[in-house]
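One structure is given here, and the rest of the page talks about it.
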Amino acid sequence: FHLIKKDKDGAKKEKKEKKEKKERMSQAELKSLEEMSVRRGFFNLHRSSSKRESKGKLEISSPIPVNVVRNTELSLTDVDTGKVGTQGHMTAASSVNDIQGEKDSHQSSSIKEKVAKLRSPAKQNSQVGQIIKRLSFSQKSKEPSPSVSTAPSAQNSANPSPLVEVKPFNPQLLQVNAFHQTSPTKKVQIPEMLQRTFPADLRLPALAPPQVPAPRELELPRRNTGDFGFSLRRTVVVDQQPDGSPSRRVVHFAEPGTGNKDPTLGLVPGDRLVEINGQNVESKNRDEIVEMIRQSGETVRLKVQPIVELSELSRCWLRNTRSRDREVCEVKTEEQLVAEKAWYNTEKVWLVHKDGFSLATHRKTEAGSLPEGKVKIRLEHDGTLLEVDEDDVEKANPLSYDRVEDLSSLLYLNESSILHSLRQRYGGNLIHTYAGSNLLVINPLSTPAMYSEKVMQMFKGCRREETAPHIFAIAQSAYRQLLTTRQDQTIVMLGRSGSGKSTSCQHLLQYLVTIAAGSGKVYSAEKWQSVYTVLEAFGNCSTAMNGNASRFSHIVSLDFDQAGQVASASVQTMLLERFRVTRRPEAESSFNVFYFLMAGADAALKTELHFNHFAENSAFGLHPHSKPEDKRIAAQQFTKLQAAMKVLGISIEEQRTVWLILGAIYHLGAAGATKGKTTSCS
């Protein structure tokens, strides 16, 4: 027992000595720290003369904002340069024996001499302003030290903070005249945006026709089940005409059947059916196509062609599977090679002007023939020669980069080249583009055929480098990262009103809920669609920028179990424009639900809400739609809203309560209700 006790006492003593040893700061370290502070010209550390003070005591004259990153690093951030004259001295007192009370006179005088040799006040102010904007230093020891100022404050840490004393500033502690001189206030001038104009007919580059993928011929055998392993899907696609106008046409897709993931089939989602057994079927209806397939023998010969908007997805699918067309996916044609060679031999540039950018060729001139900073260019569309500033031209990329999938792979990364690539891709119905780790989505103003459940299966289990730019690729990348790292993932939607943030968020949730749905189907895509139907009815309106603009922000959270399946979900809404209920902005509407209710309520509900006659004037600006088409659409949306609320478990009685509240708001506006003035009691 005594031996054990002795060992314990010895261990405690050794641990205490080791702790005290760590607390000591060597003479060289303290001197280095002090010399650094003098060089900064910001504060001066000196050793306290008292050894009996508490080792955790910290004295700060005119305290400085401190942001503690970790307990071994002290950072001084965002210091106001205007208050430098009132901040000067920081002293740290510790009970460590190695720290002397005062320095000898030689050291003190040397410090003052160094401070006195600082530069002129004007230069010093600028130097100090740059230094104190971000100043940090770290201790060499990796162990947390209980001394000086590395401990965080009590409000930011659970550890007790040292005692802090605030003392008035003493100008004798730091004799630097530059800190006490105030420089004259300079007026900040914001440069004006100059609209560059040139004496020429400047045009945007023409949209190149979309590259139509080559058709593929497949021969499929009849399976034991009597079918050929593919399914037909009818949809309407939007094509861009040469003049830029859209045209709609009905197409039939021949895609892998449900549950058929055999890569040897040769069909991918987005394959448009062109021929069956050598006969064109583009103008035939579904029944005629089905009859032709049924009359086929043991095999059927198909000719398919991917649509333009799904051509990148099809190419990536064929490249990553063992399809027969994999070897010819990346082969360049002779025309492409010749065009690239000719491009590199000439120096193509973009001329930036107030209406956009125009393609031009940089003409070489003799030295001294042009003023300094000027270059000569030749416009591509009409051959006009111009002398412009060097800042008005930007490097152009070869033609092969016009529809590049990732903007970060451009040879010349500038604003004109980025806009040109995005414009060319959008002209080819390619609305998704990578920009490094980000995805740019341009609102197609239509419902493209690239968000079906068959397309989702193309991304399931894939890595990002294996997929083409798509909103499903971002969702799959986050889901894959979630499973591999077991860390939370976040996807943030950014963009102006009408850019398609809400729609993209719905596609993300649709993908995640579909591929990670649990066995119970508690969180189905139908429920999520119902959630957004309710949110858009009560939180969206028509504005000058967007016909169905969201007037609130929301955060959607999905929780996954250990198997990677959705276990729970939540939606948090915030920042709703509540003032829009009583103060409708000019040329905009109130929330959609008011118009849905006024147009879609049945006779009984209208009688209960006194909606048989609507007032001509309303203080809130609530008026029913006047156009028959708008009334019909609003009535359909009200029926859809009622069905969505039923899917979410909102009973008929609860819905009736909501309609009564909305009806009361309408009648308050019709009666001319206004907000009363608040009177203060004396």
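Yeah, the Cβs are placed from backbone N, Cα and C, and that goes for glycine too.
Copied over from TrEMBL:
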type	residues	note
REGION	1-32	region 'Disordered'
COMPBIAS	1-14	compositional bias 'Basic and acidic residues'
COMPBIAS	20-32	compositional bias 'Basic and acidic residues'
REGION	92-165	region 'Disordered'
COMPBIAS	100-116	compositional bias 'Basic and acidic residues'
COMPBIAS	136-160	compositional bias 'Polar residues'
DOMAIN	217-308	domain 'PDZ'
DOMAIN	402-682	domain 'Myosin motor'
BINDING	GLY495, ARG496, SER497, GLY498, SER499, GLY500, LYS501, SER502	ATP binding site
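Features as recorded by TrEMBL, highlighted on the structure.
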residue: GLY495; record: ATP binding site; contacts (Cβ under 8 Å, 6+ apart): LYS501
residue: ARG496; record: ATP binding site; contacts (Cβ under 8 Å, 6+ apart): MET545
residue: SER497; record: ATP binding site; contacts (Cβ under 8 Å, 6+ apart): THR543, MET545, ASN546, ALA549
residue: GLY498; record: ATP binding site; contacts (Cβ under 8 Å, 6+ apart): ASN443, MET545, ASN546, ALA549
residue: SER499; record: ATP binding site; contacts (Cβ under 8 Å, 6+ apart): VAL441, ASN443
residue: GLY500; record: ATP binding site; contacts (Cβ under 8 Å, 6+ apart): VAL441, ILE442, ASN443
residue: SER502; record: ATP binding site; contacts (Cβ under 8 Å, 6+ apart): MET493, TYR532, GLU536, SER550
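Secondary structure at SER502 (ATP binding site), as computed by DSSP, is helix. The Cβ of LYS501 (ATP binding site) has 18 neighbouring Cβ atoms from other residues within 10 Å, across all protein chains displayed.
Compute the center of the Cβ atoms of GLY495, ARG496, SER497, GLY498, SER499, GLY500, LYS501, SER502, which mark the site for ATP; besides them, the chain residues with Cβ within 8 Å of that center are ASN443, MET493, ASN546. With DSSP states grouped into helix (H, G, I), strand (E, B) and coil, the domain 'PDZ' (217-308) comes out at 13 helix, 43 strand, 36 coil.
Regional average pLDDT for the domain 'Myosin motor' (402-682) in the model is 89.
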